[in-house]
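Visitor: I'd like to ask you about the structure that follows.
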Amino acid sequence: MGPRRSGSRRQNVVAAVVGVLLATAACAAAQLSQSYYASTCPNVETLVRGAVAQKLKENSNAGPGTLRLFFHDCFVRGCDASVLIAGPDDEHSAGADTTLSPDALDLITRAKAAVDGDSQCSNKVSCADILALAARDVVSQTGGPYYQVELGRLDGKVGTRAVVKHSLPGAAFNLDELNKLFAVNGLTQTDMIALSGSTVYFLLSTLDLSRSHESRSSEHAISSSFWLSLRLNFVVAGGHTIGVTHCDKFVRRLYQFKGAAPQNSPPMNLLFLRQMRQTCPLNYSPNTVAMLDAVSPSKFDNGYYQTLQQMKGLLASDQVLFADRRSRSTVNYFAANQTAFFDAFVAAITKLGRVGVKSAGSDAEIRRVCTKVN
């Protein structure tokens, strides 16, 4: 009972801290505007969109990785680009953040360089806003909806690993646990289901950790040690409409292990179970991956919900959305109506973008380099 009470106390502390952040961020969020940079950097959206398009041509992994980056940033300390800060106690050295996509981080670095390369925009656009715009652009450029982004966030000056673990959903979360975590961030169950089918936690099967970044200008370069810190320690949470996951994240849904704690796991389609056992045998390779959306794995659409209807959700936290009667009707609705899903997603990600927003003050700035404070 001791460890359980301790874990509960930690979760309550985190919830209280996030609650304070939400309250203090309400005024800042009210200052967000779609036309925030109309006079200071009118081409910001075009510049970011171009950088996103170029990166996606080179490596499509950057798309879902960028969306995941935005989600993780907002859920941990609010939408302040603290997830990008590189340092000895940074956020991406803990929990699920250890697997943030290097290609997504490179995309943000390129977008920042493109924006600052415009003399009218140099050092006037925050990394937090660039990340929000890039998330929108990867959605629209992979088949999803195009939506207007509220702007005016400032960058945080602190990124600590301590709050990461209890700020992100886990692969085995049940509906109550998912709802509780999202509610702390001002999001409803419908928001959660829409983001679960769209917010992609893309897990790379291989990382090219040897490529050099020294050829870029020192102002925008990301050090090799920063990339190396994104080691192959894969942790996943939530749902997915594009992307893959590794066997160790769902192997307990495939096999019963002697001495392991009982798993309260939603049922899985029997044929799909057999297929997954072939993909992930007991002696699976650490590099083996499986598609999270078996219907349309490379496109942003409503195929994820159809996967859940077929009982082919790999992660327990995915399949529970259909298994639990309280959320099943929403899954069925989104599976049958892609427009409804897109509309719900736009509403949810707009609300997500208001979480923990920072305005003028000693704890906020516009970073010259996204990976370090000024």
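Positions of Cβ are set from backbone N, Cα and C atoms, glycine also.
The active site, proton acceptor annotation in TrEMBL covers His72. If you look up TrEMBL, you'll see His240 marked as heme b binding site. Annotation comment: TrEMBL describes Thr241, Asp293, Asp301 as Ca(2+) 2 binding site. Annotation comment: TrEMBL describes Cys41-Cys121, Cys74-Cys79, Cys127-Cys370, Cys247-Cys280 as disulfide bond. For 31-374, the entry in TrEMBL reads domain 'Plant heme peroxidase family profile'. Taken from TrEMBL, the feature signal peptide applies to 1-30.
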Visitor: Expressed to the nearest Å, what is the distance separating Cys280 (disulfide bond) and Cys127 (disulfide bond) at their Cα atoms?
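Guide: Cys280 (disulfide bond) to Cys127 (disulfide bond), Cα-Cα distance: 39 Å.
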Visitor: Find the one among the recorded positions His72, Cys127, Asp301 whose C-alpha lies closest to that of Cys121 (disulfide bond).
Guide: Cys127
Visitor: If you skip the near sequence neighbours and keep only those at least six away, which residues in the chain come within under 8 angstroms of Cys41 (disulfide bond), Cβ to Cβ?
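Guide: The answer is Val115, Asp118, Gln120, Cys121, Lys124, Val125.
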Visitor: If you count Cβ atoms within 10 Å of the Cβ of Cys121 (disulfide bond), leaving out that atom itself, what do you get?
Guide: 18
Visitor: What count of other C-beta atoms do you get within 10 angstroms of the C-beta of Cys127 (disulfide bond), across all chains shown?
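Guide: Taking all protein chains shown, Cys127 (disulfide bond) has 30 Cβ neighbours within 10 Å.
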Visitor: Could you measure between Cys74 (disulfide bond) and Asp301 (Ca(2+) 2 binding site) for me? Cα positions, answer in whole angstrom.
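Guide: A Cα-Cα distance of 23 Å.
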Visitor: Going by C-alpha distance, which of the recorded positions His72, Cys79, Cys247, Asp301 is nearest to Cys127 (disulfide bond)?
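Guide: It is Cys79, whose Cα lies nearest.
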Visitor: What subset of the disulfide-bonded residues Cys79, Cys247, Cys370 lies within 10 angstroms of His72 (active site, proton acceptor) at the C-alpha level?
Guide: Cys79
Visitor: Of all the disulfide-bonded residues given, Cys74, Cys280, which residue's CB has the most CB neighbours within 10 A?
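Guide: Sorting the candidates by Cβ neighbours within 10 Å, the top entry is Cys74.
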Visitor: What Cα-Cα separation, expressed in whole Å, is found between Cys79 (disulfide bond) and Cys370 (disulfide bond)?
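Guide: Given the Cα positions, Cys79 (disulfide bond) is 13 Å from Cys370 (disulfide bond).
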Visitor: In the structure shown, which of the recorded positions His72, Cys79, Cys247, Cys370 has the fewest other Cβ atoms within 10 Å?
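Guide: Across His72, Cys79, Cys247, Cys370, these recorded positions, the one with fewest Cβ atoms within 10 Å is Cys247.
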